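Quick look at what TrEMBL annotates:
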REPEAT    212-246  repeat 'PPR'
REPEAT    313-347  repeat 'PPR'
REPEAT    414-448  repeat 'PPR'
REPEAT    449-483  repeat 'PPR'
REPEAT    515-549  repeat 'PPR'
REPEAT    616-650  repeat 'PPR'
REPEAT    717-751  repeat 'PPR'
REPEAT    817-851  repeat 'PPR'
REPEAT    918-952  repeat 'PPR'
REPEAT    1019-1053  repeat 'PPR'
DOMAIN    1234-1319  domain 'DYW'
Amino acid sequence: MNAGLEATFIERASSLCILDSDKSKQLLCEEWNCNRPNADAELDVPIGLPPQAWNLKLEMKSEDLQKKSVKSCTGRNHAPRVESCNESSIDSNGYQSFKGPVDLDIPFVMDIEECKDFSRQEGNFLDSFSLEEAISFLDSKDEVLSIENYICSILKCRKRKIPQFGEHIYLLLCKSGLELQETLSNHCVPMLVDCESLPLALQFSKRLTYVSEHAWSSLILGLAEAGQLHVALTFYQRMQENGVHPSSHTIVTLLKICARLKAADLGRCLHVEITQRGLESDSFICNTLIHMYAKCDMLLEAKAIFDKLPLRTVVTWNALIAAYTEHGLYQEALKLSETMEKEGISPDAFSFACSLKACCSIGAIDKGRELHKKINCGVYKTDTFIGNVLVGMYAKYGSLSEAREVFDQLPKQDVVGWSALIAGYAEHGPFEEALKCFERMQLVGLFPDSITYASVLRVCASAGFLERGQELHMELVERGCELRPVLGNSLVGMYAKCGSFPEARKVLQMISVGDIVSWNAFITGLIEHGFSEEALDCFKDLRLHCASPDAVTFACSLKACSGMGNVQEGQEIHMQTISRGFEGDSLVGNTLIGMYSRIGFFPEALQVFKDLLDRDVVSWNALIAGYAEHDLAEEVLKCLEQMQVEGTLPDVATYRSLLKAYSNIEFSDKGARVHLKVFQMGLNKDFAIGNALINMYAKVGLLDQAQKVFDELSICDVVSWNALISGYGDQGSINEAFNLLKKMQLEGFSLDATSYACVIKACDREGGFGMGREIHMEITKKGMRHDVIDNALLGVYAKCGLILDAQYVFDRLLVPDVISSTSLIAGYAEHGPFEEALTKFDQMQSEGIFQNASMYACALKACSSLKNIDRGQETHAEVIKKGFDKDAGTLNTLLNMYAKCRFPQEAEVVFDKLPMKESVSWTALISGYSDSGLCKEALHCFDCMQQEGVSPNVVTYASVVKSCGSIGAIDKGHDVIQQLYQTGLDKDPLVVNSLIGMHSKCGQLSEARKVFDGLCSQDTSVWSSMIQGYGMNHEGGMAVQCFEDMQKQKIKPDVVTFTCLLNSCSHTSLIHKGLEYFKLMREGYGVAPREDHYTCFVDLLARSGKLIEAENFAEMMCPSNEGAWLALLTACRTCGEVELGSRCFEHLVCLNAESAAWYAIMVDIYADEGRLDGMMRLEDVRKHVAAKKKRASALIEVNKQVHEFVVGSNPGNDITSMLETLNSRLKGGGHMPNHVSHSVYDDVKETSMHEHAEKIAIAFGILNTPQGLTLRVTKNLRMCDDCHDATKVLSKVERREIILRDTCCIHHFKDGVCSCGDSF
């Protein structure tokens, strides 16, 4: 063999090395035997011959090898092997090398018949042969046949596309030495491509000296279909370098490649070539151009080509309609479709499919139904493709009855239709129906594909069908499909959603340890299940598994931080995104905005928002959603205006956030305007918008509107039902909520965790708690465990005061979140123990659980209940630091805290900061003034509130009525009573108690009794108020009778009742009755005495003269009770017990050295005994300890105006003149003032009679009221003896009843006598 022949042999050997070894051996042996002279004689290996070829010659005979060749083509059990296209790399010459063998099965056996007529030697006589016959004939001939016969066989093989036959023909060409013949080789390359022998075609093409345009195009098309797009473009470059111009078919292929790769620059170059070659009139090319530009996000260019076309076919229209649809321009797509029909072009199946997809995407279900009717009237009525699209449209929007009807009418129900129907049931339920469809599909002989399995796995995840999911997993393992990415991710998600995380991790590891998509699926599952901390741990573990996080991974981890409220971890991940170059990624940026805004870190959210180069509607929505989450409706409105100014149009998500922000009664008018806007835009039929509208109207209490929106929805899903149920529940309509729940089940909807939670939340109302218990038991029996349900149960138990039950539910939570933590703290803050609320708050803080505005509000409420102003101010500072001082709810709680802690000035500061002063804000301030004794300010605030047009609530009226009673403003009180009658609030228990208290404090016991008797039923609090009223007006007998009547009516007295009763006995000297009731309290009713009861008991003992027993009792039972020691000190003053009084004084000073009250009484004791030295010494001590004294003041109402007179002030000439007149009348009436007791303590009580505050008030009342009108005066200190005696005389001299209330009791002065019997 000469060198050239040997080189050719070696080249062919290298070309055939990728074929099966048997075929390679056969061909090498045959070719070597044919070309080597004296083959049978020479046994030595010739120079240059590969030893393997010579060994093969010795092992096999040519005749046997030819038989083996035929068997290799036709044998059932033998499948030749070619190299896989999946694992490849590009060599230095731009070619692709392939690794790893893949078996190619022949699905049938070809029996080769006996050759027909072999005598025909001329012409292309193989035309009449089948492919099997032609190959058998060529295989049996030793001589070389004509090129036409080989080409005929090649063309037949291209039609059949059987890999084994294509490779066999190639072997025959190599055997005949014709494989490099130009015509044959350029036919052989396309044949190998068509027969799926792309690796062999690529290897073979490298040997050709000339590659035709047809061969180049085949290679490029083959690479494109194999997914080797970049390699295809490389071949196109080589084609150009060889001076070969692509055909129109090649250009179309290249344009499709550009579309898939979004290679816009190359696409433009091809466009230029198309123009230069005059191919713009080719509709096929232009349609592909439109498609390419659309895929490259260049719709203007696509539209320009469309507009230039002189003749537009339905394919042309479809190209642009599809482009609009794929880019979300659904309205434009539908308009274009209508224009096409107007121009006389009838839509085809693809046109209808695009239009239906557009309808589906914008929720235009009615438009979709119109298209459906049009389809039914045409030739596509029975088209399976269109039918499947219709099934998908109806299924997506929950109209499963229509989807099922279309599906049942399909002439052929294929996997696509079944999958669409199953996906609909998976999305909207009932989930059981999805599983039934899955079973039926297999019974009719259809095998589920990946999409079907993914939908069924989604059903298992949503419904918690873990066992069924595990069965599906086993099916996939048996079919060898579990490692497919789509199914693997679905399995991971299913296991994660069902809480089976070990299985989820096992599947993750089986898929691919380094596949970031799989990790993202796992992390997403953890987040959805509430395991945000574990999700972050997975994110940190990625590096250990050699997986590099992508934008989705960062977005998931940031969502986990958001769920935990862990802003510190979120900021660290934020830094990582910057270091890895993701700061410009829109997904990461938008998720950062969402995280910061949800946690309430709006400055950081705004900074990320400003840094985004490409802000889109998603960016705006993330910011707006954060504001809406924190009820910052004004900020939401500002964002909406700004985004429109910048040219960004709001979408469905924007309007959803707007409606959520306006889910407050104050913004109900704005919510209605948004409703009108979405109606005008045609978005009111959208699922999400409809549900948001239902939720908004339900939250503001407009249930009729919510029901109307619900009824108008063409299709309702579980979210729609839940929103309406929640609305009825929130408004206290528990029965309606339960009825809706039952109706929802009857209509075939599967109840999810939210459905149960909505009804459970309604059970915190009166009469609903029993239902809540029943639902809890039902859920427990079903084995449902979900954070939403647990949080709802926890909230109900906490609101109902069942703190132990709430704590039990909380302790069972796998991962307590912000909602559960807030509910528990709220329960402690509302029902106590209040210290536990602050303890839990600190615990959440130390554990890193995000503390939102609501949690801070609960902590402030606990501070309010504990009167812990120091802790309250610390919390206030944290609120400012966190930025929650803009939250209206937090500010109102702050206001209430300062008011209840009696810091009215701080309360005013907070009140002034409120952007919108609601009824609750005014009420908190009024209550604060009232509780702090600033009743005049409370009434003034009430007047301002009404002038601002803010309607008072029950608590407001109760506080105002209380203030009227505290300062004796009975006329103002009567005006408020008229308002109560008008508003229908006069029977409210809280208001009734305040009315009884006001009338009692103003000395109107008959009016108080009228209010009491006018009630249909009296509860314990009302009886207690009446008893208290009798007691403070020295009607002890009536107080005792009231208590006896209460017992006869089987009303059980409580702690407050006994406090009022014992006080009444004490003030009216019913000593024995009081001691009897003190004993009854514990023994008869099991009420444990509190400090105020001990104070009453000490007072009873002291008034009965048992001072030593009283002292011993105080030392033993209540040594730190100021009230008890003060009662005993007062009794010492009455009895003249200086020594015991001194001991009581020492106790009180030890408890509170800064109160001047103890000093005042002790001075009186010394004065009564004439011990002036003791008085002087005591005054020095008071000044030394800086015991502040309260300035005496008196209030009187004249002509519905409250006037205050302070000791030492200048009352005016008229009042001074009246005082002098009254002094004269007092002297005439026999009253002589006693100045002894006031000589050294004039700071506490006036030095002369006419300077006493109550005397000035009485003088003002006499001067400005008609003769005989009752005067009502309120003093902030105990009335002195001189004033008491003088007022008795004045009542007789002036012929007026004077009712004066001091800190001890209410004095009724009439005809020279006081109701207290001079014992006060």
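Here the Cβ of each residue, glycine as well, is placed from N, Cα and C on the backbone.
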Beyond the flanks of the repeat 'PPR' (918-952) by at least 6 residues, Cβ under 8 Å: 666, 888, 891-892, 895-896, 898-900, 902, 904, 907-908, 911, 959-960, 962-964, 966-967, 969, 972, 979, 1195, 1202, 1204, 1276
Residues in the repeat 'PPR' (817-851) grouped by DSSP into helix, strand and remaining coil: 27 helix, 0 strand, 8 coil
Stretch of maximal Cβ-Cβ contact with the repeat 'PPR' (414-448) [cut-off: under 8 Å; candidates 212-246, 616-650, 717-751]: 717-751
Intrachain neighbours beyond the repeat 'PPR' (817-851), with Cβ under 8 angstroms and 6 or more residues off its ends: 530, 563-568, 599, 787, 790-791, 794-795, 797-799, 801, 803, 806-807, 810, 858-859, 861-863, 865-866, 871, 882
For the repeat 'PPR' (414-448), residues assigned helix / strand / coil by DSSP: 27 helix, 0 strand, 8 coil
The repeat 'PPR' (1019-1053), counted residue by residue under DSSP: helix, strand, coil: 26 helix, 0 strand, 9 coil
Tally of DSSP helical, extended and coil residues in the repeat 'PPR' (717-751): 26 helix, 0 strand, 9 coil
